[in-house]
Structure formats: structure tokens, C-alpha cells
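To start, the structure under review is shown below, and the notes come after it.
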Ligand code: FNR
């Protein structure tokens, strides 16, 4: 399939749906329980509209943005996505390479299918997302490994204290790690390209797709996610641990999964270098508001220089600009680039990133802005309010 015919992230999602077995597409697309959080993430963009300005000179548009001394080509990055190896063989590597090529940050997932040391070689700025167990001895061992791998930005995900209720996965027999069932076998037969090019290739190279990081540090592999809590004791991880972590970890520290303004302020006070406002793409607690809706109060709660990043439902340049207008420094996408990988590997991810870059550039001009700092709340309105 020619990638040029895919014009939007939504086109990539439709194409990925055809390529991937039902269970893998469902794993990527899905949320939890009734998928209220997942839907809110998209719907909230429609609650806010732009008031564009005309006749501004916008011929010299600048999308690049700086964070901690690193200049990125646009305010967009790739969020950590675990078990990407199910979407495509060595998908994590392809995501990392496409991000490097586009000069945007890529966050290595704590549940990546490729070991972090191998992935780190493909990135320039070395962001790594950790799922920390609830005990400091094991965290210390992970930190040693991250230091040895020269990780610079440590992103600690805080919204995953217990396993989420992913009924959609259970309904199609999808388990982590992957376990073959008759239903999945049929799914595989119906998607031969995936079965030969992804599943069997991975099986041959490294066995059943699985988590490649942190087993040695956190104890025996989790062979099955228990209904309540993780065997790693993540439900004991606390703010005190984060204060302790701040003393231990000398690199940049980012907390991901912040939704409440008090937590945002707490993160800043304990010395974190930034936060990612996120509801895990609607994959943890169901019934949250969208990160975009949580953003304004969070921006109010922290100081102006504190980097607030965001993810959740971003599919268009206009979505990104709405978050920038509220004060976000960077926006991450998770599913969008996985769909790119599913359809076209590294080139597919690159095409998704270039579509988003082109949309951002065009939309900034149409909004009347040449620089990102000109994109402010003054250009937004709640869509449904009509003042008479
Ligand atoms: C995720 N996400 C995630 N987050 C994280 O901190 N560690 C992880 O390993 C994963 N794994 C993961 C797998 C898959 C398949 C998806 C779709 C998501 C959440 C991710 O980082 C991000 O918060 C959301 O994906 C953002 O929402 P969108 O862009 O997917 O709508």
C-alpha cells in the first residue's frame, strides 16, 4: 500500500485495522470498561474552537521548540507504548528511528519488546519510561541499569498502580504475555501478512513477544497479570518514594499520568523537571475527564517555567495547537505512530509524523501565528457558548 494515499492519522488507523489481527488492533485501540475516558479524550477537542486572526504576516513559521537545551523540530513526541512488538517485528526500533529522523522525542517504554540498551542507541536524547515497583531496593537496581544505559530523562508513570480492567482484551482472548488460543489462531490465519511478518518472525528471533526490560531488577517475569495489583507491588509506590527518587536520580525526572492540579504542584515542589498530563490514553481509570480538560487548572497550579506536557487523543495539528494554546510545552502521541508502524514500519511512522508536522504548520498560519508562543488561550473559545 502506498503511504502517500494515507492523508491523515485517521486514514492510518483504518489501514492498520485491516493489517492487524482483531485482537492486536483491539489492544492498541482500546480503553477500559465503558471507554468513557477514551471517548472523552477525542470529544473534548470538539468542545473548544479557535478564533483565528487574519492578515498577520505568517510567512516565516517556526515549529521548533526547546526543552532542557534540546531543540526539537516540533512540539510533538512519541509516547511510550508497551508491547509494540505485537504490532510489528522490532516496532520499538522503528518508532525510535523515525523519531530520531524527525528530530522529536521518543520515550522508550518500560514494557518495550526490545531491551532499553538496544533502543537507547537509536535515540539522541534518551527518554525512558519506568513502571517502578513499590520497593526502593529494586528501584535502585533499575536506576543503576538506567545510568549504565545513559538514560537522560526518566519518566515515571504514576497512573498504573493496579492492572486496568481491559475487558476488550479479555473478550478476544488477548492476554499479556501473548498466549495462543483457538480464537487467536483463527485471527492469525485471517491475517497472514501479520502472522508471517510479525508473529512468526518474532517467535523465531526471540520467542513469544514479551516485556524486554527490568525482569532482572524486579524479580521473576510476570507471567500473568493478576486481577488486583501487580506482583511488583506498584500499589505501594508513594510520593515519599518520589522524593527519595529525586535524590537518587541525577538526570531529568518527569512524572507521567498527572491529572489533578494538586499532584502537578506536588511534582514541581519535589523537584521534578516536568510532568505529562495523561490518562494513559483512556487505558487506566475509566470515567476521567480528558487530559486537555485537566490542562488549564494544572497550568494555573504550577509556575510558568515548569514544563507541562500532555498526551491523550491527539490526532490532528489543530488538537496539538489547542494544548499549546493552554500552555503545554510538548504533546505526545501513542496510538497514531503505532498505526503508522503497523501499516508501513519506520516509513509509516515517519509519514504520520510528517502529516502532523504539515498540519501544524498549515494550522498555525491559518490561526494567524508564525511562532508557537503566539498560540495562546486568547485564540480559544468554548465552542457551544454563544454570547448575545
Ligand atoms: C500505552 N501507554 C503506555 N504508557 C506508559 O507509560 N507505558 C507504557 O508501556 C504504555 N503502553 C501503551 C501501549 C499502548 C498500545 C498504548 C495505546 C498506550 C499510554 C501512552 O503512553 C499514552 O499515554 C497514550 O497512548 C496517549 O494516548 P493516544 O495518543 O494513544 O490517544
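Quick reminder: no glycine exception, Cβ is built from N, Cα and C everywhere.
Among the candidates 27, 72, the one that TrEMBL lists alongside 131, 166, 280, 283 as binding glyoxylate is 27. Cβ neighbour count for residue 256 (FMN binding site) (all protein chains, 10 Å cutoff from its Cβ): 24.
Nearest Cα neighbour of residue 27 (glyoxylate binding site) among the listed recorded positions (80, 280, 311, 335): 335.
Take 27, 131, 166, 280, 283, the residues named in the record as contacts for glyoxylate: the widest Cα to Cα gap among them comes to 19 Å. Reduced to three states, the DSSP call for residue 27 (glyoxylate binding site) is helix. Taking the C-alpha positions, the distance from residue 256 (FMN binding site) to residue 131 (glyoxylate binding site) comes to 10 Å. On its own chain, residue 129 (FMN binding site) has 80, 107, 108, 109, 110, 155, 156, 157, 256 as residues at least 6 apart in sequence with a Cβ closer than 8 Å to its own Cβ. DSSP assigns residue 80 (FMN binding site) to coil in the three-state reduction, placing it in neither a helix nor a strand.
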